[in-house]
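Chemist: My questions will all concern the structure given below.
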């Protein structure tokens with residue numbers, strides 16, 4: 001993050017604009033809207049500045065720039081067509097520790113001004129960090145079309161209710177659930193837009209007096225295979241509404257950065273053969289947090305119902321009467337194969353695909369004879385440590401040694417690495433890779449050279 005987004009309280013505070021043209025006028029409108037006590041300095045002014053001065057809205061200082069104009073200022077803007085003058089204003093402000101914006105010169109400025117969507121008191125600011133103002137403007141226009149004009153009225157009304165809501169609901173969780181109900185209530189929003197006081201009062205009383213469900217809930221969310229762009233929209237909504245997020249090591253930092261900032265985060269870092277927190281304890285964490293009335297998200301890499309032990313966790317919740325739901329995710333097999341240019345099925349090479357755990361525990365022998373058959377694709381999850389055994393067993397049961405194989409490490413991430421070869425090389429290839437990795441075996445791997453789009457980017 002190159003810039004910290006902040007909202008400045010400028011009401012009745014001295015601000016300076018140097019420049020008297022059209023660009024300076026646009027900046028002046030923003031400062032006047034914010035209630036600043038504005039002084040504008042220039043050699044000449046367009047008529048709008050004169051009109052504002054005549055109305056007593058700002059002060060004009062005609063003539064060359066004088067650094068003393070900054071002495072009482074909180075904030076300054078250099079908006080002339082003279083680069084040297086703009087630089088001088090910026091340096092003078094910097095020496096006084098005053099924030100200064102230099103129009104069209106972000107590197108010379110100590111702050112930049114975003115594109116603004118104004119639904120006062122709700123404000124949305126969009127910035128490209130000064131690199132692409134046109135892109136920021138296009139995004140602002142798109143957001144303008146998505147945010148109803150009456151949104152500001154809803155926000156203002158919520159401010160009026162805050163005291164009563166704080167008295168009515170004892171805990172932060174109860175208040176948040178109330179506000180969520182209020183903000184998605186279409187009838188209230190329409191009544192505010194129409195200024196229908198009777199309907200506003202009726203709807204508000206109904207929402208406040210409606211009993212809240214004090215039970216917590218758990219949502220099992222699949223985070224996908226790594227790339228944050230592959231997180232589903234519903235998954236994103238759930239992690240941004242969560243009070244607690246319980247996650248493991250397969251969830252990327254990019255996805256965790258999307259979690260609501262004030263949510264509690266509980267790391268239970270699981271990987272093959274090692275559990276930072278035992279599965280039974282994870283089950284109890286979910287149960288314990290939900291019993292406190294919290295909204296809990298269990299965030300798992302890939303899909304929670306494919307080798308994620310999601311079913312075991314939900315059984316514990318079900319037995320305790322805790323409400324739960326599941327948001328599927330893109331499983332590693334689908335994501336890793338797509339980002340490696342390997343179609344899992346193909347008319348000529350594979351009519352089926354098998355997803356297999358590589359945890360070859362004692363007493364859990366796989367059906368190697370069927371796995372060695374042609375016209376299918378095998379995908380081994382967590383199979384890196386057992387690659388030599390997988391190679392030996394498949395060859396023993398008749399799979400040709402020249403069968404194409406690939407191992408995908410950190411699939412779909414920018415650090416993705418893929419190596420391929422033949423089945424006779426699988427054990428050796430696995431020694432070159434690190435976890436998390438996925439093993440893909442089948443004729444479809446031979447299409448990788450032609451279809452490998454991701455690494456070519």
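Cβ atoms here come from the backbone N, Cα and C positions, even for glycine.
What Swiss-Prot records for 22, 23, 43, 44 is NAD(+) binding site. Feature annotation from Swiss-Prot assigns S-adenosyl-L-methionine binding site to 225, 301, 302, 303, 306, 331, 332, 382, 411. Annotated phosphoserine per Swiss-Prot: 128, in sequence order. Marked as region 'Precorrin-2 dehydrogenase /sirohydrochlorin ferrochelatase' by Swiss-Prot on the basis of sequence analysis: 1-204. The annotation region 'Uroporphyrinogen-III C-methyltransferase' is assigned in Swiss-Prot to 216-457 on the grounds of sequence analysis.
Neighbours and distances for these, please.
Modeler: The Cβ of residue 22 (NAD(+) binding site) has 10 neighbouring Cβ atoms from other residues within 10 Å, across all protein chains displayed.
Non-local contacts of residue 411 (S-adenosyl-L-methionine binding site) by the CB criterion (under 8 A, 6+ apart in sequence, same chain) comprise 225, 226, 332, 335, 336, 339, 340, 436, 438.
Sequence-distant contacts of residue 128 (phosphoserine), defined as residues of its own chain at least six apart whose C-beta falls under 8 angstroms from its C-beta, comprise 135, 136. Secondary structure at residue 128 (phosphoserine), taken from DSSP and collapsed to helix, strand or coil, is coil.
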Chemist: Mean pLDDT over the region 'Precorrin-2 dehydrogenase /sirohydrochlorin ferrochelatase' (1-204): what is the value?
Modeler: 92
Chemist: Looking only at C-alpha atoms, tell me how far residue 44 (NAD(+) binding site) is from residue 302 (S-adenosyl-L-methionine binding site), rounded to the nearest Å.
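Modeler: Cα-Cα distance, residue 44 (NAD(+) binding site) to residue 302 (S-adenosyl-L-methionine binding site): 63 Å.
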Chemist: Across all the protein chains here, work out how many other Cβ atoms are within 10 Å of the Cβ of residue 225 (S-adenosyl-L-methionine binding site).
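Modeler: Looking across every protein chain shown, the total is 30.
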Chemist: When you rank 22, 23, 43 by Cα distance to residue 306 (S-adenosyl-L-methionine binding site), which of the binding-site residues ends up on top as the closest?
Modeler: 23
Chemist: Nearest to residue 302 (S-adenosyl-L-methionine binding site) in three-dimensional space, by Cα, is which of the binding-site residues 22, 23, 43?
Modeler: 23
